[in-house]
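Copied over from Swiss-Prot, here are the features:
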TRANSMEM  120-142  transmembrane segment
BINDING   Val135, Pro429  chloride 2 binding site
TRANSMEM  150-172  transmembrane segment
TRANSMEM  197-225  transmembrane segment
TRANSMEM  250-270  transmembrane segment
TRANSMEM  272-300  transmembrane segment
DISULFID  Cys308-Cys323  disulfide bond
DISULFID  Cys343-Cys352  disulfide bond
TRANSMEM  420-440  transmembrane segment
BINDING   Gly433, Ile434, Tyr589  chloride 1 binding site
TRANSMEM  451-473  transmembrane segment
TRANSMEM  505-531  transmembrane segment
TRANSMEM  555-571  transmembrane segment
TRANSMEM  574-598  transmembrane segment
TRANSMEM  613-632  transmembrane segment
TRANSMEM  636-651  transmembrane segment
REGION    664-680  region 'Scissor helix'
Amino acid sequence: MPTNFTVVPVEAHADGGGDETAERTEAPGTPEGPEPERPSPGDGNPRENSPFLNNVEVEQESFFEGKNMALFEEEMDSNPMVSSLLNKLANYTNLSQGVVEHEEDEESRRREAKAPRMGTFIGVYLPCLQNILGVILFLRLTWIVGVAGVLESFLIVAMCCTCTMLTAISMSAIATNGVVPAGGSYYMISRSLGPEFGGAVGLCFYLGTTFAGAMYILGTIEIFLTYISPGAAIFQAEAAGGEAAAMLHNMRVYGTCTLVLMALVVFVGVKYVNKLALVFLACVVLSILAIYAGVIKSAFDPPDIPVCLLGNRTLSRRSFDACVKAYGIHNNSATSALWGLFCNGSQPSAACDEYFIQNNVTEIQGIPGAASGVFLENLWSTYAHAGAFVEKKGVPSVPVAEESRASALPYVLTDIAASFTLLVGIYFPSVTGIMAGSNRSGDLKDAQKSIPTGTILAIVTTSFIYLSCIVLFGACIEGVVLRDKFGEALQGNLVIGMLAWPSPWVIVIGSFFSTCGAGLQSLTGAPRLLQAIARDGIVPFLQVFGHGKANGEPTWALLLTVLICETGILIASLDSVAPILSMFFLMCYLFVNLACAVQTLLRTPNWRPRFKFYHWTLSFLGMSLCLALMFICSWYYALSAMLIAGCIYKYIEYRGAEKEWGDGIRGLSLNAARYALLRVEHGPPHTKNWRPQVLVMLNLDAEQAVKHPRLLSFTSQLKAGKGLTIVGSVLEGTYLDKHMEAQRAEENIRSLMSTEKTKGFCQLVVSSSLRDGMSHLIQSAGLGGLKHNTVLMAWPASWKQEDNPFSWKNFVDTVRDTTAAHQALLVAKNVDSFPQNQERFGGGHIDVWWIVHDGGMLMLLPFLLRQHKVWRKCRMRIFTVAQVDDNSIQMKKDLQMFLYHLRISAEVEVVEMVENDISAFTYERTLMMEQRSQMLKQMQLSKNEQEREAQLIHDRNTASHTAAAARTQAPPTPDKVQMTWTREKLIAEKYRSRDTSLSGFKDLFSMKPDQSNVRRMHTAVKLNGVVLNKSQDAQLVLLNMPGPPKNRQGDENYMEFLEVLTEGLNRVLLVRGGGREVITIYS
């Protein structure tokens, strides 16, 4: 249940002594006596656990820094100087967030530190190329072109490549939204989607990678048994009940042996797999080059590859050589080997198959070449049912009534019933592998640059290869050869190999090693993915798979991966495993697009991808395309995959560990009702989800109208319609007397909110004092998770005026309240000069003066403002101050690197502030400030004296009148003394009580300024001079707001310091962080 507690003062004193009373009542057991002065919770700047820096180190080092920043010295323990922060943050090396990494020994850690970082080409482009180009290209693409025709094949490839391109765009946006952890794709997805969706998608990704291993192993065995060594088959067609059944049994036996062998290689050492990766990649590249070389050669010198036809039916040439029925030798005829296959004997009089007798045997060129014109014949699809003849269009054929022995004759038959949807499912795995680059994010020099560039270039390259191969295969190869899946009409040779130049063995050997390498890569990556999911602890029953060998190798995860991979191998058919693989990868890609779309639509402040070429409509299109492809491939597989993902989601939701990763899905909870409120109330949001939920404190005039309406304009510009906005105000008095005024004030505020397009809630409090009302608002505004974390208010411009001498007291106490509540504070000075929503700045700068680090609000606010049309054309500049001991050149480089990782575009300038003597102006200004402070106190004492004196005279006059009335009724008693007040006595009594105060006023002109105040004033004057020099013409200046002094006797001096700090600037926003990080470099 949502709970709200409001702290109210025990006893309110007009002179501000209620704070001390409240402190005394909090500790009734404290022994009496003088207490040492302790800062109250609002005086400092309490820090929460920071995702940026180690607070212990900061506290140890802060003693030595900031010697020239006296205005901020009381907060150095919590707010470090910028130079110290940049030194820790800018030169990080791949931090892993959210996962307990295995403790590696010092030697391996030293080796990793020395390992060279990879660039875009080696680190992303080539691995993606190797993973995308694979077994389907070599073993199935020609068959897909033959069955679906060039047009439909082109459509299939275009759909799949478009799907992966859109997914790559979404993935690039996610990958460049902060530092990509070394965990790769799983961490990127899970940290964007949250533990429930992240775990479900992570397991789908794991199962897809595991089944990919099974598919590659089956491809390896198919190449080996069909094209390299057919004689190595253990099961023969006669014993196994048919050639297809024998092939399946052989695949299972050889596949299992290969899986065990590969698993042993992975178990012994992954380094061998990584070393062989370039060799396997070279095989792929050489094979593709051989294909293009063969196409070029076929245009002017086609290879002599005859294909034998009986009628219009294609014959398998595994059992005969000559494509003739009989030979003519010396005027005598002799039957051929083909005759013996179709007849009961080799004699010319033997009984033969009816179709064999009725039709002629012809021979055509299997690869007529690019100039042959065969392209038009291959344009259209030729789908057929299982067991159908592979027939050539346009060749005459005499049909026969009944053919019972067709399967036993040497025809080329279709092994499965083909359809458009089946071909999509079989082909899609050939475009997966786009996340190979992000999986290596820990080894990249600049992951934010390399991942989008390398991945998209790899997809463009492979899409070009696939689409061009479809056109070239259709233009060079005869249709019946394309539809011959296993090359039976080519004497058992690989179709694509016969096209290649200089030799078919280039393709056969190249494809064999490339599929071997891809299988090894899958068996290497899948266990690590499972280990990462297990170590996250979101799926309790998988935690055992998070353990491994002493060097961190995932032994148990490898064992489970091998078992799951074995189930794919037992299926034994590449065409059956591929659609299963497609489902898991499509599910994964769907959620990547969903994550990007959700983050874009939510406009979370942390969503600042460095990759700019994305849009939520592209992500939505990619998500829709993934969903469509899932159901196109197989509707029952699609439903099964979604059911599996849904079950995992619900399991993690109800049984999994509580995780908070700053994901985009959880941001949707702020737009929901009770259920979402209860979910977001569990704790503060993750740094990545932090956005300013603003409580705007408005001042009202005597007619309950808003004094500073442009404060609401600024609020709407800052919020841009997103997040929570509470507009609050306080009326002095009692609610019974002021409820009509309160309603009128609330109507005025709502009307102004509507005019300024500020979407939010209005909350008005009637309180006996302005101070208490503001405190109540800060404590209790909002509900559950919909609570503010930032307070926005206007600077009290009249704090020096005599008609409002104590407005500064409410202001300083409000600063302390926000600090104690861990809330950020924004103070707009000269708020009436801030722009309205209708105005547009055509240029100019938003200048940020980053003096101390208090959570990153200074960087976040300009980014949010620049989303609005008013500030969009303004450029952002960040200034920071270097002191004598700082290396300003290195500071600038570090700050540029830091902003690069924050994905914020800004000009950077480091301003050097040398230590110099305190000027006479600073002394004079400090002296004037302290004299005014003392004078205010003396005036307050004089006012109290006057009030007490007037009350005394009133009492005495009342007493004298009562005595006179009594004398008319009774005689005077002798023991009473009658006092007579003359004018002289009254004046003497009056001025005698003021002697002390007059002497106090005389002392003001002989006092010397306090040295700590002089140093603070020195800082304020120097900073103001530097800011004026650089930012006098800026459209907006953002400054760190120093905290109020721990000694509350100097509150009015604090106001003077802020006044001096911002003097001469047009629009100023003073920013004070809420004690927690609000911006992060992580994705």
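Placed from the backbone N, Cα and C atoms, the Cβ positions cover glycine too.
Residue environment of Gly433 (chloride 1 binding site) contains 28 other Cβ atoms, counted within 10 Å of its Cβ in all protein chains. Compute the center of the Cβ atoms of Gly433, Ile434, Tyr589, which mark the site for chloride 1; besides them, the chain residues with Cβ within 8 Å of that center are Ile132, Thr164, Thr167, Ala168, Val431, Thr432, Met435, Phe585. Most buried of the recorded positions Val135, Cys308, Cys352, judged by other Cβ atoms within 10 Å, is Val135. Spatially, the transmembrane segment (555-571) is adjacent to the transmembrane segment (250-270); three or more Cβ-Cβ distances between them are under 8 Å for residues at least 6 apart in sequence.
Here Pro429 (chloride 2 binding site) comes close to Gly134, Ile136, Ala212, Met215, Ala578, Leu581, Ser582, Phe585: these same-chain residues lie at least six apart in sequence, with C-beta atoms under 8 angstroms from its C-beta. Taking the C-alpha atom of Ile434 (chloride 1 binding site) as reference, the shortest distance to any of the recorded positions Val135, Cys323, Cys343, Cys352 belongs to Val135. Model confidence over the region 'Scissor helix' (664-680) stands at 55, taken as the mean pLDDT rounded to a whole number. Under the three-state DSSP scheme, Ile434 (chloride 1 binding site) falls in the coil class. Annotation note: Val135 (chloride 2 binding site) sits in a helical segment as assigned by DSSP. Here the C-alpha separation of Val135 (chloride 2 binding site) and Tyr589 (chloride 1 binding site) works out to 21 Å. Largest CA to CA distance in the chloride 1 binding set (Gly433, Ile434, Tyr589): 11 Å, whole number. It is 56 Å from the Cα atom of Tyr589 (chloride 1 binding site) to that of Cys352 (disulfide bond). Contacts between the transmembrane segment (197-225) and the transmembrane segment (636-651): present, as 3 or more C-beta pairs lie under 8 angstroms, all at sequence separation of six or more. Long-range C-beta contacts of Cys343 (disulfide bond), restricted to its own chain and to partners at least six residues apart, with a cutoff below 8 Å, comprise Thr335, Ala350, Ala351, Cys352, Asp353, Phe356.
Taking a C-beta cut-off of under 8 angstroms and a sequence separation of 6 or more, Cys323 (disulfide bond) has the following same-chain neighbours: Pro306, Cys308, Leu315, Arg317, Leu338, Val361, Thr362, Glu363. Panel annotation: around the transmembrane segment (574-598), residues 135-136, 139-140, 163-164, 166-167, 169-171, 173-174, 189, 192-193, 197, 200-201, 204-205, 207-208, 211-212, 214-215, 218-219, 222, 416, 422, 424-429, 432, 568, 614, 616, 619-620, 622-623, 626-627, 629-630, 633-634, 637-638, 640-642, 645, 664-665, 667-668 of the same chain, lying at least six beyond its termini, place a Cβ under 8 Å from a Cβ of the stretch. Residues 118, 123-125, 127-128, 130-137, 140-141, 144, 147-148, 152-153, 156-157, 159-161, 163-164, 167-168, 171, 175, 180, 184-185, 188, 208, 212, 215, 381, 383, 447, 450-451, 454-455, 458-459, 462-463, 466, 525, 574-575, 578-579, 581-582, 585-586, 629, 632-634, 637 of the same chain, all 6+ positions outside the transmembrane segment (420-440), place their C-beta atoms under 8 angstroms from a C-beta of that stretch. Per-stretch counts of Cβ pairs under 8 Å to the transmembrane segment (272-300) identify 505-531 as the leading one among 120-142, 505-531, 613-632, 636-651.
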